[in-house]
Amino acid sequence: MSPSTVTSVLASVPDPSSSAFKKAKRQYIRTTKNRNQDAGANWTPFRAAEKKFKARFPPPDLTDVLDLAAEERGEGGGGGRAISIGSFSDGKNIYTVPAVPGLVLLPSFVSPDAQRTLVQWALRDHARHPNETNLDAHYDLPPEGIWNAHLASLSHPKDVPLIKTKASAVRVVSQGEPSGPRQLISNDAAGTDNLYSLQAIPKPPPEPSTTVSDCSPSELVPKLRWANIGWSYHWGTKQYDFSKGKGHIDSRLRDLCRSAVSSVPWDKVFGGDTLEGWGDDDWKTWNETYEPDAGIVNFYQTKDTLMAHVDRSEVCATSPLVSISLGNAAIFLIGGLTREVEPVPILLRSGDVVIMSGPSCRRAYHGVPRILENTLPEHFGQSPRPADDEADASVSQTESATAVAAPAWEPYRTYMRNARININVRQVFPKGFVPGCQPQSLRQ
C-alpha cells in the first residue's frame, strides 16, 4: 500500500494518545508478562498471520496488505501479487492472485446504492423466520425478526416486550460436553460418493444456552452473527441438513452472483489448468451451470474475527463461491491446502466481491482476523434511492429497493458504524440435482 492509503486505513488503529490504545497496551503487558519468549515458535504461517492482524497492541503493520482499491487509483497496493485479467466499461479491473489459483477479485463491483439495499435486505428481510439464525437456538424470536422488532422498539421505547430465552421455558438436559476451549470439528469433504452416508449422520438441534437472559430486541441485535441462505447448514456436524428443505434465494442476490461469475474471463483464470482435481465440473460451462443454492450472511461487530477454516461441505467443490463485503473494511487471509502455506493478506472494502473457485482455491484455508474500525464509507450516511422504472434493467435488478426516507435509514447507518456484513453464496449441487434421490444400491 502507498503511504496515503496506509494513512487512510490506519484510521482504524487507535491513536497512541487514545484511551483505546492505552488500554490495549496495558492488556498486552499484562498478558505477555510471563509468556514464554518462544511461544510463537510452533505457530504455522497461517496462525502467525492471524496473530499479527488480530493484535490490538502493537498495532499491525498493514504495508504488506494487498489493497486493490489503491491499485485502481494508481497508488500502488498490488505489489505484483495481483494481475488484471480484464476490465469493465467503467475502468474497474478484474484481478487474479497467482499465489492462489482460482481466486478472483472484483474491487467495488457492488455500487453504493446496491450496498445499502443489500444491508437492508440482510437485516430487515432475511434475518427472520423461516431463515435460521444463530439466535434461534437460544431465544424465542418474534416472527418479524429481531431487526424489525428492534425498529419497532425505537418507535415505542416505553412498550418493549422482552425476548424470552428458550432455556427458561425448556428444561435443558446436559449432554456432558467437556469443559474448556471449543472443540474443532473435522468434517469429511462432501462428494457424490459419500453424500448419502453424510446425510445419515444425526444432526440434532443445538441445546439452548442456560447462561443467556431475557433481553430487549435492541440488546439482542449486536449478538446476531449469521443467517442461513438456501440449503440449511448444520454447524454441529459441518454438513448440510437436507431434511429441512431448501430455503429461498432472493432473486436480486442470485442475479448479482450470476453477474459476478459471468463477468470473469475464465479462460484467463484456468486456461492453462491441467484439470486435476476438478471431477465432473468444468469452468467452461459455468455461464450455464452455475446456480447458487446455499450460503450465509455473516454479521460481524468490529471486534469479531473468523478463524482459519476450509469449506468442504459442498458436492460442487470447485464451482464459484461468491463473497460480498459490506460496511467496514476487513483483512482477509487466504492461503493453501494446509495452514503451513503463508496466506496472502487482502484488504476488502465495502462493495468488493471475492470469487473462490477451482480445486485449489475452494479447499484453501481462509479467514478474517480483523475488522478495521472507522472505515465505513461515506455513502452509508445516505438512504437507498427509490427504484426508477425507466432505469437500466441491470441496475433495477441489483439496486432497486423499497424507498426509505432518511430517518428510516438512520438505524441501519447506526448499526453499520460498528459492523461488517459479509454475504457468501455457493453452489452445493450440480444444477438440476435433487438430494434425497438415493440410488437403489444404497437403500438396502
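The backbone N, Cα and C atoms fix where each Cβ goes, glycine too.
Taken from TrEMBL, the feature region 'Disordered' applies to 1-43 (among others).
Annotation comment: TrEMBL describes 1-20 as compositional bias 'Polar residues'.
Positions annotated as domain 'Fe2OG dioxygenase' by TrEMBL: 291-429.
The Fe cation binding site annotation in TrEMBL covers His309, Asp311, His366.
According to TrEMBL, the region 'Disordered' annotation covers 377-402 (among others).
In the structure shown, the C-beta of His366 has more C-beta neighbours within 10 angstroms than that of any other entry among the binding-site residues His309, His366.
For the recorded Fe cation site, residues His309, Asp311, His366 set the reference point as the centre of their Cβ atoms, and the other residues of that chain within 8 Å of it by Cβ are Ala308, Val310, Ala364, Tyr365, Gly367. According to DSSP, the domain 'Fe2OG dioxygenase' (291-429) comprises 26 helix, 47 strand, 66 coil. Note: Asp311 (Fe cation binding site) has non-local neighbours Leu321, Arg362, Arg363, Arg426, i.e. same-chain residues 6+ apart with C-beta under 8 A of its own C-beta.
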